[in-house]
Structure formats: C-alpha cells, structure tokens
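Chemist: What TrEMBL records for this protein is below:
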DOMAIN    190-217  domain 'KOW'
DOMAIN    386-413  domain 'KOW'
DOMAIN    445-472  domain 'KOW'
DOMAIN    611-638  domain 'KOW'
Amino acid sequence: MKNQFIDLEAQLDSSDEDSIEDSGEVRHRNAAFINDAPENTSDSTKIIALPERTDSINLLVERIEDQYIKRGANHPVSQTDEEDTPPFGQLWLKETDWLLWRVKCTPGQEYFILYELIMRHETLSDELRSAFYNPRDVGYIYLEAKFTKSGISSLREVLREYTDLRLHTLGIVPDVDLKRCLTINDFKQVFAPGQWVSIKHGLYRGDIGLVVEDFREEDSTTGVKVMVVPRLDYYSDKGTLPSLSSKRKRRLRPSAQLFDPNQCVQEELVPHKRQHVFSYRSWRFDYGLLVKTYNANTLSPAREVPSSVASLFLEAKKRGADIEIESMPTSSLWRFNIGEPVLSTETGKYGTMASSFDPVNAPSPPLVDFKDEGTHMVSVTSIMKDIMLGQYVEVLAGVHSGKKGFVVAKTDALLGIIFDTNSLHIQIHANSVTISMPDFFTSEIPWLNVQVKLLSGVFAGSSGVVKDVKVTSARNLAITVHLNNGHERTVGYHAVRELFSGQLLLDHQPLKRHQQQFNVEFPWKEIRVTILSGRFAGHSAIVKNAWIDFRGALRLSLWVMSYKCSIEIDSSAVKEQITGLPLNVYRPLEGNQLKEFAVSPSLEAMRTGPVPWLGLHVDIVKGQYKGQNGTVKDVNRYQVKPSLKSKLSGLKLNIERHVFTAIASTKVVEVDYDAIRFHKTQYRLCEVFMPTAKQSFYWPEYVPQKDLDTPSNVDADALKGSKAPLPNDFEREVIFCGSRSPNCPTSEQSSRTPWHDLQLPAIWTAASPDPAPFRSPTPTPPSAPALPLNDHWILHPKLVGIQIKVDISSGELDTSKKKDGIIVKTVSGADGIQVVYRRSPTKIVDVPYKLIESFHNRPNPSREKGLMVVARNHPEHIGKLVRRIHHFYDMEKTEEKHWLIVQTVERSGPKEETVDEFLDLHPGDLEYVKETAEERKQSISLLEFTRLDFSHNPVEIRRPHLYNSTLPST
C-alpha cells in the first residue's frame, strides 16, 4: 500500500489545561503502553510488548460456536457472516490492519511534528503507514505504525528526537476510542457578551459564569473572558492553616464567595482607581467577581442559575457590575403557554407545548408534544422557546414585564430586544418572552390611496392604489395594493414605487410624527453578504439592521448563519455575496435613505487620505486649553524625548479651537495627541478611527497610563486609556489595517512597479503593513543617511509587510541550534526599511538585518506544498506569492539543478485565489511565508486540478523558462 499521511489540519487554539489533563487520565487508563526498556537488538520482533487481544479471541470462539453448534454444520455461510461486524456506533480493527498508536505532545506543535514525519516518510515507510492529528483533540498525535525495527533510523528512535513528544505516553488506541479520534465535530460555539455559561473543567467545574468578551487576537489566539464567583482558600494564601490539621479537609474545594480584599495578603493586593476593582497575584477581581479566560470548548450555555449563585451576582451588580439580571436563566422568570414552539436542548428536537408552565400558579413539569414521538413530560430547564431573529415579542416577567419590542440579536437562548429605537435596550432569556404583534390600531396608516407601480412579480409593471400597510412580525412592511385589473397583491416596501415620480413611498410622502412605528425600513435589508475582515472573515451573513453611529460611520447588524449569532460590523467590511460589489454600489442609496444613511464625504476622504483624523471634532482634556473643543487641521510627528514626561506620544495635532479670539491666527494651536479625546467621549483618536495602512506613519508611540485632570462630567477612569477601543466588542475587527485592507494595494498592483523605480518617503507608504500596537517608527533628522536598498535580500521594498520564515545567526533570537526558524517581517519608516519580530501580541523587537539568513530547510521541488515568496534573482517577480505545481531538472538530474514550476497566488482578498501565471524558479530564489494550517488545507484543494494536469507530464530534463500564462496540455 502506498504511504499516505492523513493531515487533519485546522487552526484551533489549545484546550484548557484542565480539560487536556482530564482527558489524558482517561486515555492512560485505557491504553496499553510501550515498554520503554532497552531493546533486544537480536530479535526485532520483541522490541515492544503488544497487548493481548483476548476480546478478539473470545469473539472468534463465540462466532465458531454460533456457526457450527447452534446453527448446525450444514448451515450455509453468508458473506456477511464472514465479515467483522462492528458494534453499532463503533469502528473495528481487522486482524490485517496496522495498530493505531497515540502519543501525547505539546499543544500547538502537532502540525510541525507531522510535517517533520512527512519529510522522513521514505525512511520510515516500513514502520509508519500514516500519521494525523484531530484538531478537536488537541495535544495528541496518532500513528498507524508497526514498531519492528531497531537502530538509529527506526521509528522509535526518530520519535525520541522530538522534545515536544512525551514518548512515555505512547500506547495503542483502544477500540472504543477509534471513532472519537477519527471524527471531527465542525460545530463552533460562539458566546456573546452578557451570556450565562457553565464551566466544564477545572476548579470551577459546574460553576456558572457571565461572558464578558469572546475575543480573537492577531495571532489567531481565541478565548472567552468570563466573570465567575471566585473560590479562594484565604488560609493557604496567608500561609496559615485552620485548627483542624486533616489533609483531606484542606483538599476540599473552597466555597464560592465574592472576593474580600481584607482577607488576603495585603502586600500582594493592588487596588485600581475604580472602586471594587483589584488585582491580586495573577488574578483580577471586578466587583467581587473573578475575571478568568477560558477556551470556548470548556464552556457550554447555562440552562439554569441556582438561586444561591444568583444572589451573589446580584450583590456584585449592587457594587457596580454591568449585569443584566433579566437575562439570567432562572425558572422563576419563565412562562410557557400551550401551543408555543420549543426546542429540546438535550435532544435538539422541536416540539409544541401541550401544557402551560408558571412557577407560581402551575409549577408542575410541563408537557411537550414532539412530532412522531408523542407527548412527554420534560424538565423546564431542558426546553427553550424557538424565538427567531426579527420577531416581535412581549416580556412576560421581571422588571420589563409587559414591554414589547423586536428581537434584533440572538445567541443561543440570549435575546437582544429593542423597544422603540434602533438601539439595543435589554438582554433577556428566550423563556421569559412570548411572540406578539405590534399594536397599531389607533394610528393613521400612511400612503393610503397613493397610486403606485409594481416593480417585480407576476404583475410587474401594473399600477394600482395602496389599501393597507402593516408591520410584520419579522419587522418588514407589508403593503397591500389594489391593482387596476381588480386583483389585490401584498408586496414588500422595495417592490413598489409612486406611479408618477418613481420615488419610494417614504420619499414621496414622509411619515408623520405619529406614524414613526412604520419607519422600520433600512437599506440592504435581508441581503446576503460576505464578511471580509475579522473573526468571521469569509463567512456569509444576512443584513438585519443599519444605522449611523456616534462617529458618523455606517454600521450594520448581521446574522452569521454558520455561527448562529449576531454581530455589528462596519459597512465597508462586507460585500454582496453573489456580485462581490460593495453594498452602496450593489444597491445605491436614494431619496430619504440617502439623507439618513449616507456617510459624510469628509469622513470618507479622511479615511482614504494620507493623514488621519482631519476634520474630526475633538475635546482638549489637558494643558492650558483644557475644556475647549475644536477641529483637527493637521497631524505632525516629533522626536520623543523620554526626559519630557508630558510628550511621549510622538504626535502633535493642529487644532482649530471653537472659540472667539481677537487674532484669528491664535485659534489654531498645537496640542499633544495624548491630551485629546474624540468629542464628548473618553476615547483617543486611534480608538475611534485607527489609521489605515497609508496612514500608519501617524501611529502614536506607547503612552504610559497617566493621571489627567478631567472635567467633572467625564469618568476619571476613562482617561487612563480605554481598555476597549470602542463600545462595540467587534470594532477592532472591522476597522481595517494591514495587507488585506481595502485601502491597501494588492500585491498584483505593487508588482507592476519595478523596485528600482520606487522611492521610499519619510513616512509610511500605501504598501506599508499594519502597524504594531503602541509602536511606530521614530522620525530621524533629515541628515540621517538612508539605509541602502541592496545590503540584504530581505530589505527589498517589494517584501515589505510579508511575514517570512528565516534563521537568526546569533543573539537572543539565535536559531542555529533549533529545528524551526522564526517569522519576521519588514516595515518601512523614517529610518528606511527595518526588520521586526513579534514576540507576543503586544511586544515587537527589532532584528538586525545582518543576522538574518535563509531558513535552513529549503523548498523541496518534488513535493513542496507550502506558501512561498520570490525573494531574489528575479527583480520583476520579487514579492509575488507562489505555490509549487510541478518540477523539472535543468540540464542534468542533480539536486543542485532541481527546479520548481510554481503558480502565482493572490491573497489580498478574504480567500486565496490563483493567478494565471506560471514561473520556473530555483529553491534558492524562494523563502517560506507564514500561513495557517487552514490556509494550507484550502490551497491544496484550490490547486488540486492544476497539479493533476501537470502530473500527466513526465519530469523533464530541460532548460528553465517562463510560462506565458498557459496551462499544460493534457
């Protein structure tokens, strides 16, 4: 059988430490481990001690008895009797199959170990048939292998070379685990801020928590910040023990109680400026609750919050915590009526309520009628009302009882409801509401008897008059039109126009003050779009709402179908799914919508121009002009001097003050960036409008948290620097900055300009990469000599912003004794082109370019699958991203003359695309580029047919040349 390496690669963060250890204990009990004693080299068949297959022998005996004793010797043997029939829901290893082994490894290193094994498959083919890892089972590698050899080249010795492997855990996978290790569950749980969750593992197993943030960092690290009631052992913290010396009693899990700063070690307690906020050791406590980060796999939606826990969260709310008590899943606020559709959270089946439930009047367990299964009595905590996005609901219990509104956001059982405006008012549990209808009985219906023309449908082009207008439960207008031919049709708002002017009805006859409940239409409603940036990049979504936020930017509310959750996003971060056009191009705004939803041209010019923040209205919160406001007229950099504590941002802004002065020139003053906030907010300008790639030169230097004298109407904590860049949790994902920004030219555009014709200005160019947080290039005097462009291949202008894997020859980043290199990239600034390395999401270090060497593992022309960039020897192609398609030999069949045939790929959009250009390149001309496992997997399927076409051609010995954008003949 031909050797194959099954690569189930996917970008997934490592699981919670507790969950990894817990699952490991189960595996240790069920697996048989290799005898790690020295091998007997004289008998290679006794290197390992295989487990006895007593179960298989017993099964064989039972089948023989059934065949020849119970049935009789003359009973014909069918083919199905001869085959091994696995138990239902399990997999079964045949006697001819190789054994499947499992070994523990460092989480996050699975892919790199598999890659190294793939590179050695020629020498390991006799012992290793396949290797893979399950991305839903982080920390383990699976091997289909036979350990039959000894010596330095044996599979056993090869595995010893990897320090990330724990070879003592190597063991055979039990039959009962085969299905689990070969199965991937693609469901991705997303948690919304304000959602109540249950913790699965660790010290807080079974406890209830409240989601603060579901985040994704730049390095693809994901996590969920949760507030939980802390469990602290104050006695052990102080170094003293209770009077009872029982060790068993000390091992009991501490009880859950709000954090008390008076009971802990005072020397390690750090109070924050906000009241009831503390840091203690490595923990953070907000209003008595512990803020802890979990992996999403270790959390599940909470079905009910016990009253004892609810009282603790209520106490935290009294201290100032932002907690929606009405959203808490507690049965005391739930109501069920006969006939309401529900979903079983245990079985996933839909049903209808056959009895009512009221915790006061009818507290008995409810009855649910499941289709094809009859009526069953269920626990009230195991069912959830089937409420859909856009429905009109009424709150049944709690402080908001009797209020009605539309559902505009939904995550699991957590609903976001608005009452009378387009802002999110409350979050509440689905079981606390019921479906209702808007009350418009006393309102005057708009547009009655207006002559209109239908634009779509069977009667497109027909004219008639409006007879009725209603707002549906999905928050859409339903307009009933009586046609001139006698028919009546009910159509949507955008399906009709006023007959004579061709205007939309809102433009022809605006709504009156008492008709505002009919103002539910907004542009691009229910249009399917593709998200271009952020955590949900590449996913499809449906537009559910649109509005202009406090910055003047157009925002959209989307329903992400694959995640079943709502998000808020900038309108420029999406495109129409089928045409790929921006929404304002796909369906331009007109009439009343153009007035209500149009973005200011000055704002658009500011976002696309070379200088950020021009024209923004700002407040001055520090210095001699404190308390005044004005407009940004210009932005300039200056050399930071550490001795001047008040000038560390590196930016000065010219502000035209909104005051009356005798001399007009005194209205424009220079103010440091750190002394300015966006008008009537606590946010710095970068937190409101992050500079684009073309504006990256104006990214401020890191400013330490300083005390500012603030107006009385501004929260003192706000001016420390907002921990969240915007009130919306998704803002960092939707204001672009980087190589995939719409404002940044694609690699195809940049490759058309010869590198020797480029001029490096003293500021960041349009092709500059995204700036690192709290870091920017520091300008130097004009007399500083520019860095020569030809000192090193990595300093080429076309390689700016590309993350390349390299080796470092010396220094603290030395990789000469390591198997893997590091990822660096170049940035363009006032000092020329520099090389930087991101040590962590918030820390970047400079790397001297003279220490950089090409990665020691060169691309393999015969089987390379990685993403590469042309780095040298071909000036017209440097900076192009390529992938191997085929290979050939130049004049003679030697490794030095082994060349690659590569195809150019384009990565400026949300997904990688191929370019109809093929190049002949030597491995020495190429360097590896950073890519995720998921991107590698997608590229394999993208180039599958192209590689298949080339594979029909034999490996030639010829002279290299350039393909002129043609595919090989088949």
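Positions of Cβ are set from backbone N, Cα and C atoms, glycine also.
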Chemist: What is the pLDDT of the domain 'KOW' (386-413) when averaged and given as a whole number?
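Modeler: Mean pLDDT, the domain 'KOW' (386-413): 85.
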Chemist: Between the domain 'KOW' (386-413) and the domain 'KOW' (190-217), are there at least three Cβ pairs closer than 8 Å, leaving out pairs fewer than 6 positions apart?
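Modeler: Per Cβ check, the domain 'KOW' (386-413) touches the domain 'KOW' (190-217).
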Chemist: Would you list the DSSP helix, strand and coil counts for the residues of the domain 'KOW' (445-472)?
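Modeler: In the domain 'KOW' (445-472), the DSSP-based counts are 0 helix, 13 strand, 15 coil.
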Chemist: Looking only at the domain 'KOW' (611-638), what are its DSSP counts of helix, strand and coil residues?
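Modeler: For that range the per-state counts are 0 helix, 13 strand, 15 coil.
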Chemist: Over the span of the domain 'KOW' (190-217), count residues by DSSP class, listing helix, strand and coil in order.
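Modeler: The domain 'KOW' (190-217) comes out at 0 helix, 13 strand, 15 coil.
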